[in-house]
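Chemist: Just lifted these from TrEMBL, have a look:
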DOMAIN    210-440  domain 'Peptidase M12B'
BINDING   382, 386, 392  Zn(2+) binding site
ACT_SITE  383  active site
């Protein structure tokens, strides 16, 4: 067993008033308010599923995005230059403090330059019912068929991703202000040299790489928007909001970076880096906005004059940010409406405003209106372009505005010309010439774009909310932070309670049967009504309370230590619940085992159900195993034949020979085979065997299966025929596993798309037991039991049953 050295944490002093509750976390983002065009099914190509990096995410994801009978093939590559692990700066009572904000859900960023695609990707918790395969949610944009689309994750665990067309964006023609300190003759000189011949000439011979370090600022209105999307207690809500804001704006920067990758053929490249983010988590933290809000509102939303706020933001940032944090450009995002005065009339038609130029100097600032829509990355890239010296295409230069490059004063989707639409992701030759001219000037006076001023290391920063970290980040997450992806609290170490967790948090080491020990964060739950404080488990009035001292954290979320199986795989069904009788497994899967205990609470001596795998055993074995090994399943299989509870004792009974058997053989050894009723009819009293009653039940189930490859319109097609045969085989196996040989046939009546909607008929020998088992089989399919068709494992989403006998 590996024992770690004492975990070192630097704790900051924070005053937080909240009620403590154990966190249950599932990552989600607010929804962009766009008209949904369609659903999109995302299928990972098999060969990439196990091609994992040393971290949680694959280096490459090859996937098919299927929508409206269209398949877009994405070859997404993981972005390593722009991540969300950056300092988060807060205003603590007038003091600017940078924190490390931990993420409960790790997010990675991917791009496919061939389709102008940028995505945030995260792994679904407990996806696939413990299948072990990574299942991802996607959020991002791509271009297909002349149109930019937004993909958003499903609202539920079994739903589909949604697809919507991104709306047009029209920055105003006056969305920049000339830097008063800038030599205007240099700008005039730049415009003079933009002849057609020079635009076709590379500006530099020696390749160079220029990196713009961008620092984001989030105003209080935007913070409030994100905070309102969270749930739970105040401390957890704030930590969640800060984390999601930090992660989302890493996505925004990646969408901007994709556009700056078009600066090629000029002898240099421009790329962006995430220098950090300031979040105004209270109104006093953003005086540059809050002090300049107008009394009148636009469509119920507060508004401000963009000119006024840009100047105020610039002054505030040069005083409060520039002296502590290194950046080449700072960009403020606001949820309020920006506008300008036309005479005495306020017009809310400004999407952003920036100084031209300004990068590296005292005017290195811009502001962007953010109503949480998909155009924010486009506007942000446009405003940064102004700060890098670019004017609008067609304004004092030879470029044509209708070509619709990034620096066009307005843009709209061209419904016929894909080339025009792709230009919306690229800078024109004029813009690149403006960049070149300003970079040349900066190279003479000191160019901040030539060096990274910081590696944005957050490891030395105080963790945000350190006094209550244990409530925001449960033990499983703490283990992942300390020991890497797939590490989790090793629950089996603890005997009767978790009081020792404060100084001895056991974390499993992935892909091994070992664990190591770390110190728990202050605030970690260590018992009912107790939390960790300075290494001790102490009672607190507002600490979480629960009745089961041995299961405060639920099941182990990943594979059990020393095993490749998850709790669901190991003991998730009634057929595998016998593993709960083993103490180590029961501690690791305490919630699953508690579910089994409650399900068997009315069966004496059968705490967790059967003690062995009983479903495949012959019925007659229940005479021996009923009270011990198969205490749950045998009573449910009992027959209604008098004195023949579990069928024949002998295995060679023949109904045609029953009249020749002795009375003992007929009523005991072959009691099921020879079960008869005697009817008196003249002129004979010959015993007759009662014919079994066949029951016919119609079932319709919806399975979460991608059926895009099936030709449902042609029922004789190979794809339809093969699916029908495979589905018949799978369903027969499911029902026979529950009902045995009493199942006579399963006939597929119809299949149609919409995931997979299948109607079929089940014929079986009716009895009280078989009726119950038929119901159990149906419930099992909608509760986690799976079929395998089209190389996909899936449970049923819904079921309808009717009697057709």
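From the backbone N, Cα and C atoms, a Cβ is placed for every residue, glycine too.
Just so you know, TrEMBL annotations are computer predictions that nobody has curated.
Here the structure is a predicted model, which means the values were calculated and not measured.
Mind running through what each feature is packed against?
Modeler: In the three-state DSSP classification, residue 382 (Zn(2+) binding site) falls within a helix.
Around residue 383 (active site), a 10 Å sphere centred on its CB holds 26 further CB atoms from the protein chains shown.
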Chemist: Across all protein chains in the structure, which of the binding-site residues 382, 386, 392 has the highest Cβ count within 10 Å?
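Modeler: In terms of Cβ crowding, the pick is 382.
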Chemist: Roughly how many angstrom lie between the C-alpha atoms of residue 392 (Zn(2+) binding site) and residue 383 (active site)?
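Modeler: Here the two Cα atoms are 11 Å apart.
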